[in-house]
Structures are given as C-alpha cells and as structure tokens.
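Attaching a single structure in structure tokens format; questions to follow.
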Amino acid sequence: MSVNIPSNSVPSGASRFQVHVINEGHGSGAAMSDSTDPPHYEETSFGDEAQNRLKISFRPGNQECYENFLQTGETAKTDTTFHAYDSHTNTYYLQTFGHNTMDAVPKIEYYRNTGSVSGPKVNRPSLQEIHEQLAKNVAVAPGSADRVANGDGMPGDEQAENKEEDVTGVVKFGWVKGVLVRCMLNIWGVMLFIRLSWIVGEAGIGLGVIIIGLSVVVTTLTGISMSAICTNGVVRGGGAYYLISRSLGPEFGGSIGLIFRFANAVRVAMYVVGFAETVVDLLKESDSMMVDPTNDIRIIGSITVVILLGISVAGMEWEAKAQVILLVILLIGIANFFIGTVIPSNNEKKSRGFFNYQASIFAENFGPSFTEGEGFFSVFAIFFPAATGILAGANISGDLEDPQDAIPRGTMLAIFITTVAYIGVAICVRACVVRDATGSMNDTVVSGMNCNGSAACGLGYDFSRCQHEPCQYGLMNNFQVMSMVSGFGPLITAGIFSATLSSALASLVSAPKVFQALCKDNIFKGLQFFAKGYGKNNEPLRGYFLTFVIAMAFILIAELNVIAPIISNFFLASYALINFSCFHASYAKSPGWRPAYGIYNMWVSLFGAILCCAVMFVINWWAAVITYVIELFLYIYVTYKKPDVNWGSSTQALSYVSALDNALELTTVEDHVKNFRPQCIVLTGGPMTRPALLDITHAFTKNSGLCICCEVFVGPRKLCVKEMNSGMAKKQAWLMKNKIKAFYAAVAADCFRDGVRSLLQASGLGRMKPNTLVIGYKKNWRKAPLSELENYVGIIHDAFDFEIGVVIVRISQGFDISPVLQVQDELEKLEQERLALEAAIKDNDCEEGKGGIRGLFKKAGKLNITKPAPKKDSNISTIQSMHVGEFNQKLVEASAQFKKKQGKGTIDVWWLFDDGGLTLLIPYILTLRKKWKDCKLRIYVGGKINRIEEEKISMASLLSKFRIKFADIHIIGDINIKPNKESWKVFEEMIEPYRLHESHKDLTTAEKLKRESPWKITDAELEAVKEKSYRQVRLNELLQEHSRAANLIVLSLPVARKGSISDLLYMAWLEILTKNLPPVLLVRGNHKNVLTFYS
C-alpha cells in the first residue's frame, strides 16, 4: 500500500520533498517483489512553489524513518541540522540514495553560467560543507542556505542584485525558420538571377561548374567547422564573431568581428544595388528613366535601404515573416525559370538568343570565352559573395531556440539545396541560350548565305555582327536572361526582388547583431555605445542605423561588379578563421573540446583555412594584403589592451600544452653552467606587503629566471587552509596587475620553518626548480621571540642543506608595509560609505521632487541622513593625517625605491668569498636592466698588501674572461686587521644582553645557566670565533669608507657553521656587517659554478 503524505503536513523548516511510503510492514508477505531495489527517486512538479521536488520512496524495513517523518516531517533521525541546497527554495538533502547526506544529485543548474536565459545559476554544496564536521544542536535560520546565486558564491539574499533576464515575449526561431530559410535566401541572392548567366557565359559550363564547386568546397568545409564549434557548448548571440572569439580568444575574435561586421554592411549595399539594377532595367523597357542609369540606381537603392531599415527596426518577428514570404516568391520564380526552358521559344526570344535545349548550344558554351579584362578568378570573385550566405543563420544565434542543433542542420541542408539549384540553373541556361544575340528578328539565315558555323547559325540566326559591334542580348550582354527564358517574366522579376531584398534584409539584421555582441564584450572600449539593446528582443537599434549609413555610402557607388569583390576577401578571412578555430581547438587537445557534431577532421579544417587564404590572394592579392594588415593591426591593438575576459579559448589550451611539452622536454636537458638562471623563492608573505623585496628580486629574474612569491600561513591547518585558498587568486592577480612576472605560492604549516622547508623542496616543476632563496633582513631580531629568531636562522641552514643559494636583502626602513595597507583599506571603506551616503541623499532629493505625501515623509529622512556627513569627512581627514604622520611616510617611499630608475652611480660588489659566481652574476644582470643601466660595477676583493697590483690584474683578467664589464677593481689588503675600538665596542654592546658570561661563574652555576639558556652566546663560543667577529666589524668599517655612496651593495654572505655559531651571534654578525649602509644584498651561492669563460 502506498501512502501519500500531503505537502501541507510538512513543517516549513524541515523538508519540501514529496515522500511516498511504500509497504511499511516488517517482513510481511505484503512485501513488494522489488524490495531489494535501491530507493526510487523522481522529480515531480507541484506548481511554482514546489518545482523539481525530490520524491523519496521508502522501501520495506524503513518503519523508523516513516514514524519519524510523521512526527517531525524529517526523513531521518538526527541531532544535526542540515543546510539547504535545492535549486529553487530552501530544502534539505535527506536520504539521497538511502543515506543522510548533503551531497547534491547532478543537475543542469549547477553547470549554467551566471545570467543564463535558460534558468538560474545554482551552487552545489562546496567540498568543505560536505567534508567538514557538522556543529551539533545549531539551528539554521530559514533561507540561510539559499544557494540560488550569481555564480560567485553570493547568498540568496543578494539575489535581487543579480536578476535573471526576463525572457517572456522574446521571439525565438527553430532551425527551419531561423537558419534554413535565412541561409537559402542569402545564398540565392542577386547572383542567381542577374549574374549567374553572365558567369557561365564568361567561364562556360565546365569552368562555371568548377567556380560553383570551388565556392561550395570553401563553404562546406567552413560549415563543417562551424557545426563542430557550435556543438561544443551553448552558443549565444554574435554569430561568426562569437564562434571565433570563444575558440581563438578576443584577439582574433575582436579583429575579425569588426571586419565581418563591415563586410555584412557592405553586403547590404551589394544586394540593394542588384535590386536597383533590375528596377532600372524595367524603367528602360518602359522608357521611364528618371535621370540616367547610374543615378537611378542610387535613388532607388537609397529608397529601398530606408524601407528595409524600417522593417528591421520593427523587430525580428516582422523580419522573419517577411523572409518566409520572400522565400515563397523566390521558389516560385526558380520553378518558373525551369518551366520556361521547356516552353517552345518564339521568334522574339530566338532573336535574343534563346532556343530551348540544344546540344549544339551546350557544346558551344561548354568552354570559356572570357572578355577583355576578365579571367577565371575575376569571375570567381564576383560569384563567391553569393556563397557567403551560410552564416546568415549563425549570425542571429542569439535568436535561435537551440543554436547547437539549428545551425549545423539548417546550414548544411541549405548548402546542399542551393548548390543543386545553382548548378541546375547554370547548366540549363547554358544549354538554351547563346553567348551573343542581336535581338533583331531580321537577322535570320537566308538560303545560300555563308554560315559562320556557330550554334545560332545552325538554328537559323546570324549573330556574326556581334563579333564586330556590341550586342544587347545573349548570356554575355543581357543580365535579364533568366527573365527572358522563364515561362512568365514578371515572376522572375518578383524572384529577383525577393532574392535581393531578402538577402539585403538578412544582412541588415545580422550585421548589427554581430556588432552588438562585439560591443557587449567591451573589447574595443570606444564602441560600448552600440552595445545597448532595446525591447524584449534586445534589438540593436543603434547598430541598425550604423549599418544603414555604411550601406548607403556603398550604394552610391552604384556598380555591382565593383562592390562584390570588396567583400569577398572579408568573408574569406572570416571563413579562414572559423576553419582555423576548429583546427586549433582540436590540435590543443583540450578536454573541454567535445563537439557533438562528429563529422569533422582537424586536418580538413586546416585545409579549409589554407584554401580560404589562397583564394583571397588569387582573387585580389592587394585586397588580401590590405585585409590582413587591417586584421593584424586590430589583433595587435586588442593584444596590447588586454581585455578583461576569460573564455577558455583554444589559445589558452595550446599555451598549456606548449608549456607542458616544453617543461617535459626540459627535463631531458642536462644542466650546464652557461644555461644557469637565478630561479628564486622570495619569502614576501603577501606580495603586496613587501613590494621592495619583490621589486629587487624581479629586477634580476624578469625575462631571465623564475620568481615565486611565497607565503607561509602559520597556525591550525583548518583555519589556515581556508584563509590561504581564499586569497590565492587575488594575490596572483595583484602580480599581474603590477606587471610582475612571478608566481604566487603558499603553504599552511604548524611553524614558519616547516612551511619554508616544504616550499624549498616542493616548489617548481622539473628543471624549473628554485636554486636561490631570497629573504628580507629581520630588522626586529633583538625584540622578536626566540622561536622566530630560530626559525629565521634555521631556514638559512635549511637552504644550504638543500644546496640552494641564499640572498638576504636589507634596506634601512624595512620591507613590511602592512600597517600602511591596513590604513588604505580603511580609507577605501570610508570612501565607499561616503559615496553610498551621497547616493542615498541624491535619491531622497529625487523622491522629494516628486511631491505628494511621499515627498513630505522623505524630507525628514533627508535631514537625518545629511547630519553624519561632516563627521565622515572629518574621520577621513583624521585617518589621512594618521597615514602621513603616524605611519612613517619614509616606509612608503622606501617600499617603492626599486621601482624608480636608478640614477648614475655604482653597484659595489664585495666578492670576498668564491661561491660559484652568484655574488657576481646577480649585480651583472641588474646592470642590464633599464632602471639600473646607468649604474657601473665596482668590484672589491680581499688580497695581500704586497700583491695588490698582481691580484688586481688577475681579477681583471678573470672578469674579462667572464665578459663582465666593470668600472673599477679594488683590492682590499687590510681586511684582516682588527677594527678600531669604537666599532668593536658597538658590537660588544650589541651582544651583551645575550651573553652567558659563564667564565666568571663556578662550574656548577655555569652548567645550570647553559641548561636554562642554551640559546645565549657563551664565552667559549665568542672566543672561538673572535677572528670572524673582528672581520664582520672590520668589513663594516671598510664598507662605510668605500661604499657609503653606492646605489646598491652586493656582499658575500658569511656562513654560520651548524653547531658552532649560535643564532644570536650570527644575527649580530649580519647586523654589524650591514649597519648604516645603503641597500645591501648579502649573497651566498651553493658553491657550484654559475659563470664560465668557455664557449
């Protein structure tokens, strides 16, 4: 027995699932035969409030769950409160697949983009929400887990700010009306009725069919590639631009989008001029010319394009109805032509060259007969625009019900039908009409007259004078041949009107649609004006008027044969990129490339792209060059502007594949000293908190080495991981925004040293592993907790253990500007509050201006709001003064000192110990940078007083072999003498608080002190390394003497032997060594060569 629990019996805070309880008996014979089946789930619909509820069917043995449900409305007994993740309103995921879980079943809503017109974007439960431990006995307020969001994790209460588009009343088309009809009307354009006869007259039947076939090959290959791209995901508005931009990226899409939009606008002019030519021919026959043929074409064309603009502005629904009517007229016209070919010709038609089907005419017209100035490719250039209609359906992709299905089906069928029609008309007209005819019924062959052997002569007409003077009729001279051949001429005229007007109308509609999509993406900032749409169909009215202006300009040319070749290259460029997009997406081997249209091949698409490019140059080489120059210019412009879009293009996919292949290939390359590059881990914390440290490192790694900004989150892993993950993208984005070529990496660890160890061991990839650790000098080492000091010195030891070089950077003001950043954040918050306050005041002013009772109430509100405003301003002023005074302005200036161009000066390199050459290589790389190029290298090395000149010559020889330019070399001969008493006293005072002084105490007391304070400096230790301590103090004296005015000092880092030098003594060495100096880099390589003088 099945019991249906009505929905109103379920508590509002529990579950909205419709539950069907099936056979609740325990082991009874009433058990259903499928009792071993898993729980059954299905989606049901119960009106607006209960869409897509989950129906849970209980199986035998679930009596406890059933009783619990009757009592509490829940499907499981639990003390835990679950969050809601239903697609529409609040609910709990319970008994999913028979278990109490928050896991969500697969739904299409989880995979939609934000603002999708097909439904809302829904967020599934996050991994943390189903993985973390649930807090017990915590009530969840209704609506707290509403997940209908904007795709960025925003809660449901902010949903009002991200309303979905209103799609009610929007006109959408199927594949027949939206694609097939449009493509057929565009392909059966002006060329079918008023140029195809001339084309086959020039090229003959053989080459004419080849011209049609070549065009069909280009369009078919493009159609296949377009179908593959269309079926690789949901297609939105934008047509060819959308396909190319989402496949190859904004650089290609933006450049070709403008060109394609312009080509479509010119295409309107081409069809309107074709229509006007036909009307002018009719006016000639009736002797009703207005001015002259050229100006009449301009007048009629201008009036026509105004009418077409009116239809377009009226909306897509009216335009679609007009297209259907025009197609019916066009089909009648084509049928009328074929009927006319079998109706016996009268004398008037014979005099004009029409003799019905004749084998002699077919044979005579089979070969080409190009007139002066014409050839195969010039004729092809005139015909090819007729084939460009294959994008008519794709160009209105945003107005299709199902673009993924409609575009491939409609486009490929339209290509097939129109190709058959073109070839049929070409063959029929060539088999019936001779090339030249006089139109005079008196030009018959008289008995005994010498015949010239032409087909017309054999059929009783002598048109031989057409060889000496121009004639008005025949395939080569009369553009209205199809009207003459047809059974009823006015129907062909109607067909011409239908073909030309429908094609012009389709182009007039599609060009603004494509342009609107391009402008919405904001790739070209100045074109945002044309992105605005009007009405429920989001009609691009501004784009319509722009297209009208362009079309009007080209209509004034009034010459169809001039206009047609102009757009051929633009359309071919678009086709080439569509084919290349399909090839590129396949070649990139991205898992996201999964087109449902399987009839494609990447190499065929590449062939199609090459064929399009070749045809462009063959048709008109200089026009092809101009097209590519324009496209290249636009490509460079978009690349330079770097639009803020991310479409997952195949260019990005190929970048990944290339990087992966190169990284793998690099692993097979053995290390060589000539290929050494500094690959640095920089312990910056958040990159924005220590910009100076990052700047100096970036100066010697940019374009030549690896730079990884690292941060260690210390604390409970659970909390640290959450904080770390939330800031990853933001910090990497900060690096990109500041044009710093570096990566950001972070780890969570229980202590700082463990985190750095992990980074030193695991950072990098293959050969791109860090070989140098860069850290800032710990300025507060005397005040810092002992654990921090141990960690700091410990990571230096760890780096040496891992055979990684170390660079310690010291500047007088320190690196950390976190306090300044905190103040800036506060200022930004206050500024946002101030702007919001001003907006609220402005809104209240507007409401007050409306008058009435409502305005009276708003007036009081305005007074309450305006009072705190001065207080906010005073707060801002106070914090600004804090920013300048309390937070040291010198710290801000010091943080930017390496961003500035360094003036003329020196980089002093104190290469005291040979570490493999890193101490010399880093300053050399710095001098190659634009900001440091005015700084000269001065080299300081230790030596003996009696051998200064010899050692100077020796060092100069070594540096010249290393090909390192230097300004001067100094040999320091007195480096090992004792420092003066004042300097030594400063050092002794520095270490005094940390000394144990065990030698002045008895043995027992001394041992006790050592156990209690093992970190302190013992007298024994200090005596053992006294000479080294002398050296650090003496070096500072020499640095003060020789390098006080240097822009930068690069100095060999002293190494503390483990177990011999305490952490405090080592930090005292570093302190006294770098005290009161310009910026200092303490460098120690891993003692492996990084310089060589061998080629």
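Placement of Cβ uses the backbone N, Cα and C atoms for every residue, glycine included.
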Validate this pair against Swiss-Prot: Ser510 and Ser655, same side of the membrane or not.
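Checking Swiss-Prot: the two residues are separated by the membrane.
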Swiss-Prot tags one of Ser33, Ser116, Ser345 as phosphoserine; which one?
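Out of Ser33, Ser116, Ser345, Swiss-Prot attaches the phosphoserine annotation to Ser116.
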Can you dig through Swiss-Prot and tell me which residue of Ser144, Ser225, Ser957 is labelled phosphoserine?
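Record lookup in Swiss-Prot returns phosphoserine for Ser144.
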If I look at Swiss-Prot, which residue among Ser7, Ser28, Ser45, Ser126 would I find recorded as phosphoserine?
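Looking at Swiss-Prot, the phosphoserine feature maps to Ser126.
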Given the candidates Asn442, Asn864, Asn875, specify the residue that Swiss-Prot annotates with N-linked glycosylation site.
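Out of Asn442, Asn864, Asn875, Swiss-Prot attaches the N-linked glycosylation site annotation to Asn442.
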Six or more residues out from either end of the transmembrane segment (414-434), which same-chain residues have a Cβ under 8 Å from its Cβ atoms?
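Distal contacts: 179-180, 183-184, 187-188, 192, 196-197, 199-201, 204-205, 208-209, 212, 216, 219-220, 223, 334, 337-338, 341, 353-358, 361-362, 364-366, 386, 389-390, 393, 454-456, 463, 474-475, 481-482, 485.
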Of the stretches 256-276, 299-319, 606-626, which racks up the most C-beta pairs under 8 Å with the transmembrane segment (376-396)?
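Of the candidates 256-276, 299-319, 606-626, 606-626 scores highest.
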Checking distant contacts: for the topological domain 'Extracellular' (345-375), what same-chain residues at least six beyond its ends satisfy Cβ-Cβ under 8 A?
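Long-range Cβ neighbours of the topological domain 'Extracellular' (345-375): 200-207, 428, 430-441, 443, 454-456, 458-461, 463, 473-476, 478, 481, 484-485.
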Inside 10 Å of the Cβ of Asn442 (N-linked glycosylation site), count up the other Cβ atoms and send me the figure.
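Within a 10 Å radius of the Cβ of Asn442 (N-linked glycosylation site) lie 7 other Cβ atoms.
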Check the topological domain 'Extracellular' (435-546) for me and report the mean pLDDT.
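Looking only at the topological domain 'Extracellular' (435-546), pLDDT averages out to 80.
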